[in-house]
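Presented below is the structure to which this report refers.
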Amino acid sequence: MNIAKSIHFLSNKEALDKRLDRGLLGIRGRQADELSSLGLPVLPSVVIDATVSRSLYGEKLRSALSPYLRKFTLLNRKEYADAKNPMLLKVVLSPNLAISNYPVLHNFGLTRDTFAGFAERVGEHFATHEVFFLLKGVFGVLLGIAESEENTKGASEFVETLKEIEVFLQGGKSSPSGREAMNRYRALLPDGFFDDAYVQLEEAVRLVSKLLSFEEDGEDGVAILIQPMVYGNYGGGSYSGRFFSRNIITGEKKLQGQYFEERFDECDAEGSDVNAIKPAYLKQLQDIAWKLEDHSREIREVRFTIEAGSLWLIEQKPVEAKSTISLVRLLLDLYEREVVDAEYVVKSVKPGQLNEILHPVIDMTSVTGLKSSQGGIIGVPGAAVGRVYFTADSLIEAWRVAKMGGQDTRCILCMPATYAGDVKAIEVATGVLSNEGGYSAHASVVARQYGKISLVRPDMKIYSDKAVVDGMTINEGDFVTLNVPYYGESTLYMGAAQLIEPDPETSGLVSFIELAKGFVRSFHVRANADSPHDAELALAFGAQGIGLCRTEHMFFKEDRINVFRRMIFSENAEERTGSLKQLQKMQGEDFYGIFKVMQGHEVTIRLLDAPLHEFLPHGESEVSKFLEYLEKVCGKGLSREELQERISMLSEVNPMLGHRGCRIAISYPEIYAMQVRAVFEAVYRLQKEKISVYPEIMIPIVMNCRELKQIVYGKKIEGHAYQGIGSIEEEVRLALKAKEVDYKVGAMIELPAAALSADEIARYAQFFSFGTNDLTQTTLGLSRDDFNTFMPDYTMYDLVDGNPFAILDARVRELIEVAMQRGRLARPDIQLGLCGEHGSRSENIRFCMEVGLDYVSCSSYSVPIALLAIAQAEIENAEKEGRKPAWRGRSSAKSGGRRAR
């Protein structure tokens, strides 16, 4: 058989024929060809392609291979079969499938004649090790052949031989010398195997070919590669090493890895920083790294060997375990140098991955030795360290003491579940650890809003002063570390780890989001923000307004909660008015700050939604503190018994569907009136400062149009007059002698009844915002805080399609569409949005865009995620329509204002 046409040669100086079918080379062959075409210092290769690779057993190969071995000598400065400076070879199988189980064959050319010359350069011990490594590969092939031929006796003998060789390789017992090993296994090998290096190579290739011949119906297109071996311990000027093309945590464009001087195997060895290698070699390694990055558009892991001054690229592969920061910084670097365009950059990052950039990550070297427990439900990804406290009050007290004493203020709130009264603790905590609920539970939603970490551990038992998980006890005041990655298993560590803090600027997040925003058209993202700080963060992350300002969160601040409680428990209008004036001034300052930060953008203020039940003092400690406050402020107060009686009267069995939202406005009109006055006082104050403000007032938990009509326009019945928003605005405007501003009043659609009567509600609402957390609860009859207790069973029996508090349920989607259609029939220009944590998920965003909503609103920390999801949806839609996606962003610096390729 004439095999010459099926043998090919490649090196960094000699490329393969372009007409050659690359499918015949296998994966490794194609990679070697690709790298050689880049001019990288790859090992030269003889490639026996797939047309003959299974048919070489019995063929004379020496004459066909010898010319190529001489080419190896010219490049490698060593000669095959030379006694003094022998070149050794490896035989590599190159299948077309990435997953294969072929043995690796190294060190051909080690014979009785060449062993001494090789040992003189690398040492007797290492040379002997390489003999055993050669034997391991060959006997692996022989075992495969014996099993294919159903030669049970031969297979058994090879299995025992391989076991013995493995013991020698692992140093389990005193091994024979290299020459003794050649004699020891001589009878099991082809004749002359250790007598003639050319016979050895020829027999090795034949055996590999024979092994492949048994797989005619299996692996398709396996090539055989022959390459020279190079060693990092081959005398002076020899090194080995491994590195990443840039830092895989920070993304800094600097090699990250180690090198080893005069060593071949880096295992169990302490290396030196690769950047400290000789400058000439460092320059070569940098050129290799960044050529690979530009070509693959990925961070690469590179293994190299420098043998007697010559540098060789041994292996390169993508890096799976890298941070999102490193990926983003790589993409931005490629974009600035016009290697990729903005579209490629935006498509290369999954929206959820941005969570990692927005929160701290653990320095994994700092958790060695810490006890840990894996598992749990992701509330908010990231990492948090802090001392554990089991009530909001105990956490706040510990935080205050630590702050005053200049000590570590990091705290983690650990409770079964959290409620509105716990928000003040979440705000100062670094994270929340709970055992009820999941992604959409109150603890997770609030933590997300404040940029905190949240982990739910259903298997954790929480007591009054301790928690137990996986047999580990967490006492109050103990340090723990929460590691909640975007992908992979969450981990709870006992003790404090070191954290790497995020920086939106240096991480590249701000620049990345600017590129993504270039693809965003009319559909946009707003933020849920309750303070000027939240508003600033929202703008920094690319929000185009505030879609939800939860005013009840403002009342839970420490200096306000007792004022609000005093208002609730007031016995007469005079007392209540005094408290409301205090609250109005406080809220007015909040609104002023938020409007000022968001000048030029819409700000949606949701009037009080939380039930009064949530503002009541709970537990003996809160009751005592409130009684002390009343005594101090009023000079007199309620008795404990009177207070407990009033608390009982106001307590509700099911507050989520009870006295909340617009229902409070009907029963306590002065509360909403106070809030509306605070809004417009802030608006007209800013008007005098020449600052543009676009206020939107949203009424929550609307059930029918009559509720909204009364709140907006007021109502008079015999003996009663209800003042509407319009009348209050006019009152404030006239008192301040201001010019009327445009404002909108809208309804939060979070009940099926509201969705179905949207046409009637739209007569009085200029916008709808779909509150999908409550709409999901009221549509499906599910509690978001309790769903996870039975969700595993429902998932096991395939009774639900995923988590409806993460991905919108089909029936909730239908209600949204019905409400949109009916609302637009009544008011064609009605503005439509969705607020809540559903708004940051790609699947939900695509739905909102498809059905024609105008925006989504989510926590400030979710804004970049939502923007990226929108940009990717716009790109995908353009591709489906066969057009180039419209992009209105900044071109790379190199392009001088032109759009990058």
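Here the Cβ of each residue, glycine as well, is placed from N, Cα and C on the backbone.
Predicted, not measured: the structure shown is a model, and the values here were computed from it.
Residues ARG550, ARG606, GLY771, THR772, ASN773, ASP774 are given by Swiss-Prot as substrate binders; from GLU571, GLU589, GLU622, GLU750, that same site also lists GLU750.
Most other Cβ atoms within 10 A: among the recorded positions HIS442, ARG550, ARG606, that distinction falls to ARG606.
Counting other C-beta atoms within 10 Å of each candidate's C-beta, the binding-site residues GLU750, ASP774 are led by GLU750. Helix, strand and coil counts from DSSP across the region 'Central' (381-482) read 30 helix, 34 strand, 38 coil. Figure note: comparing Cβ neighbours within 10 Å for the recorded positions SER440, THR772, ASN773, the maximum is reached by THR772. Averaged across the region 'N-terminal' (1-321), the predicted model reaches a pLDDT of 92. GLY771 (substrate binding site) counts 27 other C-beta atoms within 10 Å of its own C-beta, drawing on all protein chains shown.
Counting only the Cα atoms, the space from GLU750 (substrate binding site) to SER440 (phosphoserine) is about 15 angstrom. For the pair formed by HIS442 (active site, tele-phosphohistidine intermediate) and ASP774 (substrate binding site), distance between Cα atoms is given as 12 Å, rounded to the nearest Å. Sequence-ordered, the extra residues of this chain that approach the substrate site, with Cβ no more than 8 Å from the Cβ center of ARG550, ARG606, GLU750, GLY771, THR772, ASN773, ASP774, are LEU548, ASP609, PRO700, MET748, SER769, PHE770, LEU775, CYS835, GLY836.
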